[in-house]
Amino acid sequence: AEVRLSRRRWAVVLLFSSYSLCNAFQWIQYGSINNVFLRFYGVSAFAIDWLSMSYMLTYIPLLFPVAWLLDKRGLRLIALVGSALNALGAWVKLGSLKPHLFPVTVLGQVICSLAQVFILGMPSRIASVWFGSHEVSTACSIAVFGNQLGVAVGFLVPPVLVPNVEDVDKLANHISIMFYMTAGVATALFILVIIVFKEKPLHPPSRAQALMQSRPTEEYSYVQSILRLLRNPNFLLLMVTYGLNTGCFYALSTLLNRMVIHHYPGEEVNAGRIGLTIILSGMAGALISGIWLDRTKTYKQTTLVVYIMSLVGMVTYTFTLSLGHLWVVFVTAGMLGFFMTGYLPLGFEFAAELTYPESEGTSSGLLNVSAQIFGITFTISQGQIMDRFGTKAGNLFLCSFLFLGTVVTAFIKADLRRQRANLDNEQT
């Protein structure tokens, strides 16, 4: 098949990035002002934490059906369902503006968590289907970029829109403004997906993609694909290391408000800004690592260096959080975010290399399942450790698992199958 790049590819990846942003915002909008929602609904901190963890819990059983749909029905259907569920969940939350309606907000959040299942596994698939071999890692970084920007906005905006006021009616009014804005944006993005998002370009963008598209469909078995992935030792090691790193990020994001408020009472807005700093620096790290991978193709070396620096950043953040200087926390949180959040697209792209020609949606999905399992485990465990032994003990708990992940990463062999396919075809 003729290899040619489509102009539409940038519109597709930016639109995906935008509705992924909206969904990620809805994930963290409760956690970033944990203490405010706790008082408004009159529930425990653990119940508010579960609004965040519902995203992780829903993903685990639904990954395989959604990944199967992605393989059988393609990108457009998955994009339509994901953006539709995201908008529906946002509108349902508008029915929870009374303190006794906590179950309604839980329902809205669960619908949004269903949307996330249709979003998280798509970045590397969109990059492979729409982008050339020289820009595929950059495209994947941009696709992940939107999700991280959504978390950043989720840390920044809720503390500004929903101040910690005593009057319950005023508080409900502030919450309604945030929910209406979210629902409006989510609906507009769903309409844009209907208009703009296409299944695939007219021509394959790379030799590797042309090979995959020319393969007869009857040769492909979804179950066999999963079994081949689970028999790939390098991919299994990457699953563990990706889960450990991303699970630590999920726990840190969910519990950040509680950590900062514990050491700096009344600093809800700055707690959100610290979260914003973590994500913005991580987005810069993700973009730089994507461009670096496209230039050098040093997947193993880059992943290992970023993992080591994530550990260093977490240790530094742990021992500076309690010093009493907020500016120091901003600096160390930014350093931590640059590497820990910057690792996310690295994991997707390394998996795509290790598992070619298997579907990128399936390999990304398995990485995300690992991340959700570790995320739930770490969030619950760290929350309990913080309640009993303090924030430093909770953060050291995460440091120990990042150290384990660094050691395991060193044992992954750089078997770059997708690169070999592109090189072999060029030579042929």
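Sequential numbering from 1, following the chain as shown.
Backbone N, Cα and C define each Cβ position, glycine as well.
If you look up TrEMBL, you'll see 12-417 marked as domain 'Major facilitator superfamily (MFS) profile'. Feature annotation from TrEMBL assigns transmembrane segment to 12-30, 50-70, 77-94, 100-124, 136-157, 177-197, 235-253, 273-292, 304-320, 326-344, 365-381, 393-412.
Note: the stretches the transmembrane segment (235-253) and the transmembrane segment (177-197) are not in contact (fewer than 3 CB pairs below 8 A, sequence gap of 6 or more). Between the transmembrane segment (50-70) and the transmembrane segment (100-124), the number of CB pairs under 8 angstroms, six or more residues apart, is three or more, so the stretches are in contact. Most Cβ pairs within less than 8 Å of the transmembrane segment (12-30), among stretches 77-94, 100-124, 136-157, 304-320, 393-412, belong to 136-157. Regional average pLDDT for the domain 'Major facilitator superfamily (MFS) profile' (12-417) in the model is 86. Distant neighbours of the transmembrane segment (77-94): 16, 19, 22-23, 26, 66, 69-70, 104-105, 107-119, 122, 176, 179-180, 182-183, 186-187, 189-190, 193-194, 197; these residues of the same chain sit at least 6 beyond its ends, with a Cβ under 8 Å from one of its Cβ atoms. The stretches the transmembrane segment (326-344) and the transmembrane segment (304-320) are in mutual contact, each linked to the other by at least three Cβ pairs under 8 Å (pairs 6 or more apart in sequence). Contact counts against the transmembrane segment (393-412), taken as Cβ pairs under 8 Å, peak for 304-320 among the stretches 100-124, 136-157, 304-320.
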